[in-house]
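Positions annotated as active site by Swiss-Prot, on the basis of similarity to another entry: 47, 93. Residues annotated as Ca(2+) binding site in Swiss-Prot, with similarity to another entry given as evidence: 27, 29, 31, 48. Under the heading disulfide bond, Swiss-Prot lists 11-71, 26-118, 28-44, 43-99, 50-92, 60-85, 78-90, citing experimental evidence as support.
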């Protein structure tokens with residue numbers, strides 16, 4: 001769920017607030033369209049697509065689905081015992097948090113004009 005995703009981001013990118021990723025580029029945050037502005041925004045586009053795939057699992061609501069995972073020294077592990085939906089959502093969030101950690105953050109791409117830059 002979104003709370004767990006926030007915690008995963010804080011695990012892999014402890015130097016930044018999770019909020020910095022909530023309104024970044026064209027895809028980080030609610031919705032998404034157009035061409036990603038950079039690698040970090042591409043991470044969010046992939047995450048959005050991953051959630052779309054997870055939603056194809058019967059009764060799976062990624063934004064609200066809880067799952068079992070562990071954060072140890074910046075390393076994320078989705079635990080066994082998750083059902084198909086929980087496992088899929090956990091993996092979406094884990095891969096995005098790892099992607100965020102490896103992508104440069106450009107302050108100028110925070111809170112951009114979506115209408116002008118994301119067509």
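Glycine is no exception: its Cβ is also placed from the backbone N, Cα and C atoms.
Remember, predicted model here, so these are calculated numbers, not experimental data.
Known features from Swiss-Prot, placed on the structure.
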residue: 26; record: disulfide bond; DSSP (3 states): coil
residue: 43; record: disulfide bond; DSSP (3 states): helix
residue: 60; record: disulfide bond; DSSP (3 states): coil
residue: 90; record: disulfide bond; DSSP (3 states): helix
residue: 118; record: disulfide bond; DSSP (3 states): coil
Checklist entry - Is any of the disulfide-bonded residues 44, 71, 90 within 10 Å of residue 99 (disulfide bond) (Cα-Cα), and if so, which, in sequence order? => result 44
Next on the checklist: I need the least crowded one of these binding-site residues (29, 31), counting other C-beta atoms within 10 angstroms of each C-beta.
Outcome noted: 31
Checklist entry - With every protein chain in view, how many other Cβ atoms are within 10 Å of the Cβ of residue 92 (disulfide bond)? => result 23
Checklist entry - Tell me, how many other CB atoms lie within 10 A of the CB of residue 118 (disulfide bond), whichever protein chain they belong to? => result 18
Checklist entry - Between residue 50 (disulfide bond) and residue 28 (disulfide bond), what C-alpha distance do you get in Å? => result 13
Checklist entry - Hey, how far is residue 92 (disulfide bond) from residue 47 (active site), Cα to Cα, in Å? => result 6
Checklist entry - Based on Cα coordinates, which of the following recorded positions are within 10 Å of residue 27 (Ca(2+) binding site): 11, 47, 60, 71, 78, 85? => result 47
Checklist entry - Checking the recorded positions 26, 29, 60, which are within 10 Å of residue 44 (disulfide bond) at the Cα level? => result 26, 29
Checklist outcome for this item: Among 43, 60, 71, 93, 118, i.e. the recorded positions, the one with its Cα nearest that of residue 31 (Ca(2+) binding site) is 118
Item to check | Neighbourhood of residue 26 (disulfide bond) by C-beta distance under 8 A, where only residues 6 or more apart in the same chain count | outcome: 32, 33, 34, 35, 36, 37, 41, 45, 112, 114, 117, 118
Checklist entry - Near residue 28 (disulfide bond), meaning Cα within 10 Å, which of 11, 47, 48, 90 (recorded positions)? => result 47, 48
Item to check | When distances run from the Cα of residue 93 (active site) to each of the recorded positions 47, 48, 71, 78, 85, the nearest one | outcome: 47
